[in-house]
Amino acid sequence: MVESWSFLDTAESNFRPLVVIELSKGTKEETIEWFTKRIVDKKANGGAQLLIKPLVTENGVENIYLVGASHLRLLLGAEAVGLVKECSDNSMRTFTYSSRKTFKHYADDNHDFLTMAECQYIIKHELENLRARDEKMIPGYPQAKLYPGKSIVRRLLTSGILVQIFPLHDREELKKLSHSWYGRVKIGYQPLDDIRCYFGETIALYFGFLEYFTFALIPMAVIGIPYYVFAWEDYDKYVMFATFNLLWSTVILEVWKRMCAILTYRWGTLLMKRQFEEPRPGFHGVLGINPVTGREEPMYSSIKRQLRIYLVSLPFVCLCLYFSLYVMMIYFDLEQWALDYHKENESNFSSLMLYVPSIIYAVVIEIMNLIYRYAAEFLTSWENHRLESSYQNHLILKVLVFNFLNCFASLFYIAFVIVDMKLLRQSLATLLITSQILNQFAESLLPYWLQKRYDRRMRKRMCPTKTDMDLSLAEQVNMEKEMGTYLGTFDDYLELFLQFGYVSLFSCVYPLAAVFAVLNNITEIYSDALKMCRVYKRPFAEPTANIGVWQLAFETMSVISVVTNCILIGMSPEVDALFPDSKMDLVLTVALVEHLLLAIKFIMAFVIPDKPRDIQMKLAKLEFESLEALKQQVRAFQMQL
């Protein structure tokens, strides 16, 4: 970097608040003075070189501070985090301050060159990289120990001194986005580029996947309706439907990789280099020297972690799985009771009672999933993983295994043990529809209603005639700090994963599953958009190049669906009648078909490139230019010698 951090000034007349810092009530003055000084100090002195101002309200100065940065500071920060922007020649390149004039839309007076989400991400990055130098503790709090290289913000959070850090909403931009996104019911694509500019790539990519998955389900829904209406018991025809389903599940996942590459290349995250991952906030251990960075940080034995995983976490998960199966058997007892009751009475009421056990079981499944989620988070945190990525992978594995068994075990039991296709269709339909209704209520409608009640109370205190656009900065901050915190896309992807299972695992039994999934996802797009814009605080943008481990989860589900559908078709009376003499021939034939379909899936996955040809060429060109530039630097260095 040609420019030095030292020439930056921390004062700017046109202060633009981007991020809010809330400290706990009663925070000591010396702590506040030390923390704010570290934020505004120059980089050479270990500071973040940002701008900070206290929030002044009618009650005076509260422990809430607004953080911003000068335009120049943000540009240098963009280089530090490795943001990728579009150049004047339409190529995507990593932004550097020295070559800033080669980037499209750049001008010295254009403060919109970086989106607000990018600016807030840069400030978050700089705050999280504020590290202790020679301090041994947080001033005023001897129990809050520090050591060289320790993240100050993370220590303040774990000590309870720092309540929260969150990015501010831009009310005007939010109003525009809300109108184009969910303000009016329309058939069309979501404004993914606008969502990305406002919320960042991770959230935009989730909504892109939700939209893509919904459109991909439409062919299954269209084909499934006539199968449901005209061929309910004709399993010969379901062979074609199930085969189409299996190939469809492979194609949509492979095509999504290409769509994802197109989006993330356009947004610049496909080219972003992976940064060195720092220890997660909850990681603890004995101080030692990291052999990679040479910095002092907590060290924890991997053997102790493995012992915790295999001697505590694994048995606990197995116990939860056993309990889930026990609850499932209670559900089947209820099913038998409802069936006996219907045989005795033969009335409309008794017909309705046949669906009651499945509805109760669906509600119990959602409650068990929720309770287990909290237990899994506690256990994974207790395992003391050093990196956030490792923590997330272990958490996702625990949750996916339990949710898969909890949601689908009863369906597998009905299909392959009881062998009752009518009950399987009934249970699948009830579980799918009930879970969708419960998720919509719990994730969107209930939080929105609670937030509306809170907004009304706040407006009565301030001024009931004010709109969102009329609120003062202090009023806006006070309203937003009480809003719920968006915890990420984990639950949203999990819901789609389970939905994909309901659609693909038993497609030859209940073709209408795709129809209900499409209807649910259309409402999900609007309810999730409403939730992001009205219910939760604005989350920090997080650059990402793909949907991560969820891609593997969906691909695994599609493989399992091949096996289940082949076995279901092989169990049908029509297919069974083709092998009257030898059941072994039937088993071998089903196994052969299943292996052939799996082979076709893997061949298709290999044949369909993950990235379109033009993006492959652009990436290869950038790699070649980078190597040439490196060679020139080496030659210049050798000539100087």
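Cβ from N, Cα, C; glycine included.
Residues annotated as domain 'Anoctamin transmembrane' in TrEMBL: 195-621.
Within its own chain, the transmembrane segment (212-232) is flanked in space by residues 238, 241, 244-245, 248, 252, 255-256, 259, 496, 500, 503, 507, 510-515, 517-518, 521-522, 525, which lie at least six positions past its ends and keep a Cβ under 8 Å from the stretch. Positions annotated as transmembrane segment by TrEMBL: 212-232 (among others).
Long-range contacts of the transmembrane segment (238-256) within its own chain (CB-CB distance under 8 A, at least 6 residues past either end) are made by residues 209, 212-213, 216, 219-220, 223-224, 227, 231, 500, 504, 507-509, 511, 551, 554-555, 557-558, 561-562, 565-566, 568-569, 572, 575, 597, 600-601, 604-605, 608, 610. The transmembrane segment annotation in TrEMBL covers 238-256 (among others).
Tertiary proximity for the transmembrane segment (309-332) is limited to same-chain residues at least six positions away from its ends with a CB under 8 Å from its CB atoms, namely 357-358, 360-361, 364, 368, 372, 375-376, 379-380, 382-383, 394, 398, 401-402, 405-406, 409-410, 413, 418. As annotated by TrEMBL, transmembrane segment applies to 309-332 (among others).
Marked as transmembrane segment by TrEMBL: 352-374 (among others).
Sequence-distant neighbours of the transmembrane segment (395-416) (same chain, 6+ residues past either end, Cβ-Cβ under 8 Å): 313, 317, 320-321, 324-325, 328, 331-332, 361, 365, 368-369, 372-373, 376-377, 379-380, 423-424, 427-428, 431, 435, 490, 494, 497-498, 501-502, 505-506, 509, 549, 553, 564, 567-568, 571. Positions annotated as transmembrane segment by TrEMBL: 395-416 (among others).
Only residues 6 or more beyond the boundaries of the transmembrane segment (496-519), in the same chain, are considered here, and those with a CB under 8 A from a CB of the stretch are 209-210, 213-214, 217-218, 220-221, 223-225, 227-228, 235, 238-239, 241-242, 245-246, 249, 400, 403-404, 407-408, 411, 415, 421, 424-425, 428-429, 431-433, 435-436, 550, 553-554, 557-558, 560-561, 564-565, 568-569. Residues or ranges marked as transmembrane segment by TrEMBL: 496-519 (among others).
Through the fold, the transmembrane segment (586-608) approaches residues 243, 246-247, 250-251, 253-255, 257-258, 555, 558-559, 562-563, 566-567, 569-570, 575-576, 578-579 of its own chain, all at least 6 residues removed from its boundaries and within a Cβ separation under 8 Å. According to TrEMBL, the feature transmembrane segment maps to 586-608 (among others).
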